[in-house]
Protein chains: 2
Amino acid sequence: METIKVGLLGLGTVGTGVARIIKENQEDLFKKTGYHIEIKKVLVKNLNKKRNIELSEDIFTDNPLDVIMDKDIQVLIEVMGGIEETKKHIIDAINQGKHIVTANKDLIAISGQELFELADQKKCDLMYEAAVAGAIPIVRALKESLAADDIVEVMGILNGTTNYILSKMTQEGADFADVLKEAQELGYAEADPTSDVEGYDAARKTAILASIAFSSRVTFDDVNVEGITKISARDIAYAKDLGYVIKLLGVAKRENGQIEVRVNPTFIPNNHPLAAVNGVYNAVFVKGKALGDAMFYGRGAGELPTASAVMGDVVEVLRNIRSNSNGRIGCTCYHDKNIKDINDIVSKSYIRLLAKDEPGVLAGVTRILGENNVSVESIIQRGGRSAGCEDCATGEAEVVLVTHTVRHEQLQKATKEIGKLAQVARVYNIVRVEEGGK
Amino acid sequence: METIKVGLLGLGTVGTGVARIIKENQEDLFKKTGYHIEIKKVLVKNLNKKRNIELSEDIFTDNPLDVIMDKDIQVLIEVMGGIEETKKHIIDAINQGKHIVTANKDLIAISGQELFELADQKKCDLMYEAAVAGAIPIVRALKESLAADDIVEVMGILNGTTNYILSKMTQEGADFADVLKEAQELGYAEADPTSDVEGYDAARKTAILASIAFSSRVTFDDVNVEGITKISARDIAYAKDLGYVIKLLGVAKRENGQIEVRVNPTFIPNNHPLAAVNGVYNAVFVKGKALGDAMFYGRGAGELPTASAVMGDVVEVLRNIRSNSNGRIGCTCYHDKNIKDINDIVSKSYIRLLAKDEPGVLAGVTRILGENNVSVESIIQRGGRSAGCEDCATGEAEVVLVTHTVRHEQLQKATKEIGKLAQVARVYNIVRVEEGGK
């Protein structure tokens with residue numbers, strides 16, 4: 001029985017899941033790949049920490065070189081996270097001819113190109129299915145199954161923490177701060193939730209998906225990011241009235257050779273497949289010229305779901321080793337990227353205002369919109385506290401508008417002018433609206 | 001620029017889509033595979049038929065040997081359908097060393113093993129993503145991305161015609177016969193709809209999915225099949241009242257080394273991801289020990305969606321040719337199959353009866369259920385025509401029961417006895433109930 005030796009960088013949640021799958025599914029993995037998998041070395045921070053899995057003690061090390069430089073190790077599984085140091089480890093390992101399987105979205109979104117080029121050059125596999133949307137096999141779907149199609153749109157719920165928060169806000173009418181606190185207590189949100197709630201985590205995944213879908217090297221810096229901290233229970237209630245739910249979406253679209261790539265809270269229609277994706281689930285909606293609409297749904301995080309994706313990649317690497325075809329797909333980012341300026345992005349938008357409840361207010365607001373070529377699809381005006389507007393002083397009302405499609409720049413200009421109207425006390429929020437249900 | 005020559009068997013709907021993608025995405029296909037794709041020969045039935053795509057006239061032939069025996073052709077794309085003759089063509093082509101991409105579910109579900117073994121032996125690729133669920137990349141997901149996991153359940157809406165019919169019946173309260181007629185007029189159902197409405201088409205796809213998911217050679221004959229012809233508007237209305245929708249599901253489960261594989265109309269809870277899959281869409285729900293729940297959703301048929309799946313396979317074959325690794329995955333059906341007897345299948349069930357509306361009826365029914373160890377979860381009794389029961393004579397009522405989980409054999413025995421009760425005029429329908437929402 002032939003054995004392939006693998007090394008693990010990291011034995012946290014995902015690393016433990018990986019070790020567990022290797023242990024428990026040993027026989028099937030052998031039948032599917034022709035190899036017995038042996039974990040030869042595991043890099044950990046603290047050698048004395050108690051582990052949730054039984055592994056022979058002599059495989060642990062706190063020296064990365066023990067793993068990276070071990071000549072017997074053919075496949076390096078990187079589940080330690082981090083950027084600069086981890087990147088160095090991966091480069092060293094590829095230079096040793098090792099194949100890499102990583103779950104590190106930050107690293108791929110920022111330094112992907114450099115790593116892929118090196119892997120190509122060394123005929124090494126560099127796989128990262130687990131970096132986007134956990135267990136959902138969207139990377140392989142885009143890179144292989146849908147490779148013949150012309151993909152025009154990818155939209156995803158890519159962050160479980162924010163989806164949990166928005167789902168809870170929707171179900172319970174609760175406000176952001178309260179639900180965030182609850183999510184932190186339950187362990188669904190980090191003590192410092194910035195990366196999740198500000199959309200950075202989703203932006204890294206969106207950059208990776210856009211890169212594959214459009215065969216271009218889109219990086220984190222290309223993504224226009226807006227988080228969910230400004231979304232209130234009030235916005236969610238209006239969304240409901242209008243037939244929408246609010247989700248934090250990573251959106252990547254291609255039209256006329258330009259790539260639009262952004263993360264923002266979004267109104268999506270109730271009958272859109274993404275609208276029913278709740279809690280900690282992730283989903284990626286893909287539109288292709290031949291494919292039409294498709295959606296991939298599953299767990300976006302967690303020990304075993306993420307480990308399942310890592311191990312799917314390991315199986316692929318082993319099959320490549322057996323057929324001597326590592327590096328067979330390689331980097332497919334051959335298009336020059338042409339990222340659309342945020343000002344040129346066109347979408348429908350929702351606007352919520354606090355204004356005087358008196359004749360002429362709507363006339364003033366709609367006049368400004370008209371002057372800026374923004375046409376209005378629907379409008380709701382609700383007077384005072386009796387309608388649930390807690391901010392409303394006597395004689396004030398909330399005004400909610402949904403526009404037809406409008407360029408970002410024009411909408412910004414119009415809402416700025418609206419904010420200066422004497423009768424308008426405050427512009428609370430502007431949220432993009434996506435269309436297209438099933 | 002290197003060229004790979006391909007041959008097409010068939011130029012119907014899917015074949016035309018394949019030719020269209022090869023033509024329109026030529027440049028991207030080259031960048032992704034390193035090869036220019038040329039359609040060298042196309043087998044058609046009628047050389048004089050007008051085509052929906054412009055192709056050079058000299059590539060058409062009505063002699064299969066012109067395609068199969070052409071030494072320049074490396075990849076054979078089979079989109080003609082049929083079983084015996086087509087199988088012969090594919091065997092001849094593999095014997096010539098050609099790689100096969102097919103959309104032929106009937107052939108794979110019936111003769112898969114023989115073909116895979118031959119392809120393995122000849123180091124040829126034999127790919128069939130398009131055979132199941134059209135554009136949805138579920139074959140590759142199960143065979144590769146989820147290969148490291150222990151898959152315990154696959155449930156799919158795999159037939160667009162029946163899903164269209166059931167969706168329409170649900171939305172409009174219409175009866176089966178009326179909606180079928182409408183579907184035939186719209187071209188969503190064949191003039192002879194047997195294969196769809198009796199569940200045979202779904203059963204072929206279920207056999208293929210079960211084979212891959214459980215690494216066993218499950219064939220069409222192993223699948224216990226029940227179609228949707230007995231489902232009435234009345235059943236659908238009761239499903240709604242009880243919080244379910246009715247879908248035709250292909251179900252494959254593995255427990256204690258036994259495989260349960262069946263196609264039947266099913267009550268699924270409103271909050272199950274499959275419940276929202278309507279119209280001609282398909283979806284496959286997968287449960288894995290590591291993965292948890294996942295779902296793949298998209299178009300199950302149509303020229304371009306199916307062609308997208310075919311061409312995804314062609315890209316894979318070309319990448320294998322480039323890295324000299326054809327046949328790298330091969331057949332993964334290494335487990336002996338152990339198909340569970342239908343009598344041993346355990347599920348909750350819905351039963352609808354027509355009975356006398358008089359004291360003691362329910363006592364009689366529940367006594368028999370109790371004697372057969374069937375416990376009842378919920379019960380609805382609706383008296384007479386005023387409650388919409390058109391079959392009800394004066395003094396008759398409809399009785400609807402949902403049982404807890406029960407062995408098939410016991411349920412059959414109980415309902416047979418119930419049917420013999422003097423007060424029971426008719427047992428309309430018994431429908432399985434699945435649980436598990438999100």
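Here the Cβ of each residue, glycine as well, is placed from N, Cα and C on the backbone.
Look at TrEMBL and you will find B:Lys205 tagged as active site, proton donor. Annotation source TrEMBL lists NADP(+) binding site at B:Leu9, B:Gly10, B:Leu11, B:Gly12, B:Thr13, B:Val14, B:Gly15, B:Thr16. Taken from TrEMBL, the feature NADPH binding site applies to B:Lys105. Residues or ranges marked as L-homoserine binding site by TrEMBL: B:Glu190. As annotated by TrEMBL, domain 'ACT' applies to B:350-429.
Annotated features, which come from TrEMBL, shown on the structure.
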{"residue": "B:Gly10", "record": "NADP(+) binding site", "Cβ within 10 Å": "22"}
{"residue": "B:Leu11", "record": "NADP(+) binding site", "Cβ within 10 Å": "25"}
{"residue": "B:Gly12", "record": "NADP(+) binding site", "Cβ within 10 Å": "13"}
{"residue": "B:Thr13", "record": "NADP(+) binding site", "Cβ within 10 Å": "16"}
{"residue": "B:Val14", "record": "NADP(+) binding site", "Cβ within 10 Å": "27"}
{"residue": "B:Gly15", "record": "NADP(+) binding site", "Cβ within 10 Å": "27"}
{"residue": "B:Thr16", "record": "NADP(+) binding site", "Cβ within 10 Å": "20"}
{"residue": "B:Lys105", "record": "NADPH binding site", "Cβ within 10 Å": "24"}
{"residue": "B:Glu190", "record": "L-homoserine binding site", "Cβ within 10 Å": "14"}
{"residue": "B:Lys205", "record": "active site, proton donor", "Cβ within 10 Å": "28"}
Problem - Other CB atoms, at most 10 A from the CB of B:Leu9 (NADP(+) binding site) - result: 26
Problem - For the domain 'ACT' (B:350-429), mean pLDDT (0 to 100) - result: 91
Practice task
Fill in the CA-CA distance, B:Val14 (NADP(+) binding site) to B:Lys105 (NADPH binding site), as an integer in Å.
Solution key: 14
Practice task
Starting from the Cα of B:Lys205 (active site, proton donor), work out which of the binding-site residues (B:Gly15, B:Lys105, B:Glu190) are within 10 Å.
Solution key: B:Lys105
Exercise for the section: Show, in sequence order, which residues other than B:Leu9, B:Gly10, B:Leu11, B:Gly12, B:Thr13, B:Val14, B:Gly15, B:Thr16 on the same chain lie with their Cβ within 8 Å of the centre of the Cβ atoms of the NADP(+) site. Expected result: B:Leu8, B:Gly17, B:Val18, B:Val79, B:Met80
Exercise for the section: Out of the binding-site residues B:Leu9, B:Leu11, B:Gly12, B:Gly15, B:Thr16, give me the one sitting nearest to the residue listed as 'L-homoserine binding site' by CA distance. Expected result: B:Gly12
Practice task
Specify the secondary structure state of B:Gly12 (NADP(+) binding site) as given by DSSP, simplified to three classes.
Solution key: coil
Fill in the blank from the handout: Across the domain 'ACT' (B:350-429), DSSP labelling yields 27 helix, 31 strand, 22 coil
